[in-house]
Amino acid sequence: MGGVAVDTDAGGVKAPDGGWGWVVLAGCFVITGFSYAFPKAVSVFFKELIKEFGVGYSDTAWISSILLAMLYGTGPLCSILVNRFGCRPVMMVGGLFASLGMILASFATSIIHIYLTAGVITGLGLALNFQPSLIMLNRYFSEKRPLANGLSAAGSPVALCCLSPLGQVLQYQYGWRGGFLILGGILLNCCVCGALMKPLVPHKTPKELGEDNDKDGEEKKKKPKAKLLDFSVFKDCGFVIYTVAASIMVLGLFVPPVFVVSYAKELGNEDTKSALLLTILGFIDIFARPTCGVIAGLKWVRPRCVYLFSFAMIFNGTTDLIGSQAKDYSSLVVFCIFFGVSYGMVGALQFEVLMAIVGTEKFSSAIGLVLLMEAIAVLVGPPGAGWLLDATKNYMCVFLLAGSEVVLAALVLASCNFLFIKTKPSEPTDKLESIAVTEDTKTETACSKPVETSDEEEKGAREEQEKETKKDAMKELKEEDERDKEDVDDARPKSVTVDSQAVERFLKEPQPNGSMATSPETCL
């Protein structure tokens with residue numbers, strides 16, 4: 001395929017920061033919305049499924065859990081497929097899987113069938129769309145990447161505000177089977193979004209293409225086979241710190257949205273009034289994500305986006321800790337407003353920070369491994385909070401635990417980043433720094449490197465150097481040819497001229513006996 005080489009190596013192509021990138025951003029917006037909002041949107045059908053199959057609420061809740069587990073846990077598989085086939089084909093096949101799962105689920109005769117179709121197949125399809133969309137966004141944007149990440153992340157709350165009411169309408173009009181069938185058709189739009197992910201191709205003139213043919217052939221012979229899953233990212237200390245912090249964060253990040261409605265009902269509020277809290281949270285989240293993206297892109301803030309991310313987590317965790325003391329509905333409304341702001345900040349920054357740490361080339365492998373680690377935390381966090389609630393019968397303990405976990409993650413990220421990630425004195429202060437453990441263990445600063453100096457830039461520099469070397473060699477060959485021609489021309493006439501001049505000088509010079517040579521015969 002034509003896009004495979006670009007997907008695996010990016011060919012040293014500079015991110016356009018616009019142009020077709022805005023179309024790619026629109027596709028990422030839709031994909032992010034489907035990926036994060038769909039597991040929550042299908043929950044509106046749970047009551048009908050309970051009546052249909054005679055199961056409990058905990059049984060139907062496994063549908064959303066399996067969807068999220070597939071979205072996070074199949075990260076390494078997505079990385080391998082992207083590195084092998086490219087982003088566009090993987091996303092289009094993923095869109096077919098996502099749609100097929102919901103269509104098959106509409107014919108289910110047991111809850112197990114729902115697990116396998118709507119859970120496993122649809123979850124795999126969404127995962128095959130979500131991760132490649134982030135990879136393409138990273139390749140199309142560099143200077144404007146924080147803003148692009150913020151706008152893309154805003155797709156989650158927007159889709160949630162749209163899909164949940166749509167699911168209720170479909171359930172009322174067509175039942176759960178008809179609703180699943182229509183949602184399956186809607187998920188075919190993932191294929192359209194995948195088709196928009198045009199690989200970046202370096203622009204070359206016909207003359208440049210002709211000159212590079214021989215060199216490209218030699219490079220292809222010498223170039224080693226690309227890794228399908230690059231585990232060398234674990235040598236990067238910055239990546240390890242991020243992975244540990246993100247795993248701790250996910251333990252408590254998703255707990256408040258799951259329990260806030262039940263918390264409101266526990267305080268004696270009506271169902272509709274309690275459900276309004278999620279609407280408030282989502283509405284604030286819509287504006288918080290792009291706003292945070294703009295802030296993260298500021299010249300002074302961007303080199304320190306890791307600390308901004310840490311602040312966002314501390315803000316979120318502190319909100320949970322204070323919200324645990326809420327005693328009435330108005331207090332929960334205030335909690336949801338501040339939680340929406342902090343939750344949006346975390347959502348806008350989490351992948352921006354990862355992109356800044358590992359760079360473009362290794363991002364496809366890095367995000368897969370990070371999502372795999374987070375999948376474990378996703379499966380432990382909300383169920384663990386539920387067990388704590390069953391044991392204590394107190395929502396305050398649940399919110400305190402969630403807030404403590406998020407604050408701990410922020411402290412781990414900020415403190416380790418401050419202690420282990422150093423800035424080189426010779427480098428400008430506006431460059432992000434990340435720790436990388438290199439093979440040279442003799443230097444104490446072997447764990448520091450500028451994030452912006454990526455392998456692509458090094459390859460581009462090597463290619464430019466090779467081009468200059470090739471031009472110098474061609475120039476030297478031309479100069480040698482010209483010198484050879486001059487030597488051939490000089491061999492005939494100039495030899496006679498030199499001899500005659502020597503004779504004339506000899507004739508004018510005084511002889512040892514004091515006489516002058518008057519003829520050529522005299523010198524003989």
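Cβ coordinates come from backbone N, Cα and C, glycine included.
TrEMBL labels come from automatic prediction, so no person has curated them.
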Ranges in play 87-106, 107-126, 147-166, with TrEMBL marking transmembrane segment at 147-166
Outside the transmembrane segment (276-298), at least 6 residues beyond either end, the same-chain residues with a Cβ under 8 Å of its Cβ set are 143-151, 153-154, 156-158, 160-161, 257, 260-261, 264, 305, 308, 312, 332-333, 336-337, 339-345, 347-349, 352
Within the same chain, the residues 6 or more beyond the ends of the transmembrane segment (329-351) and with Cβ under 8 Å of it are 134, 146, 149-150, 153-154, 156-157, 246, 249, 253, 256-257, 260, 263-264, 267, 269, 273, 277-278, 280-293, 296, 305, 308-309, 312-313, 315-316, 319-320, 322-323, 367
- Query: Hey, would you say the transmembrane segment (60-82) packs against the transmembrane segment (363-386), going by three or more CB pairs under 8 A that are 6+ residues apart?
  - Reply: yes
Long-range Cβ contacts under 8 Å made by the transmembrane segment (398-421), restricted to residues 6 or more beyond its ends, are 237-238, 241-242, 244-246, 248-249, 251-253, 255-256, 259, 263, 306-307, 309-311, 313-314, 316-321, 323-324, 381, 385, 388-389, 392, 433-435, 447-448
Outside the transmembrane segment (20-39), at least 6 residues beyond either end, the same-chain residues with a Cβ under 8 Å of its Cβ set are 63-64, 67-68, 71, 91, 98, 122, 126-127, 129-130, 133-134, 136-137, 140-141, 148, 151-160, 162-164, 187, 189-190, 192-194, 196-198
Model confidence over the domain 'Major facilitator superfamily (MFS) profile' (21-427), as mean pLDDT, sits at 84
Ranked by Cβ pairs within a distance under 8 Å of the transmembrane segment (305-323), the first of 147-166, 178-197, 239-264, 363-386 is 239-264
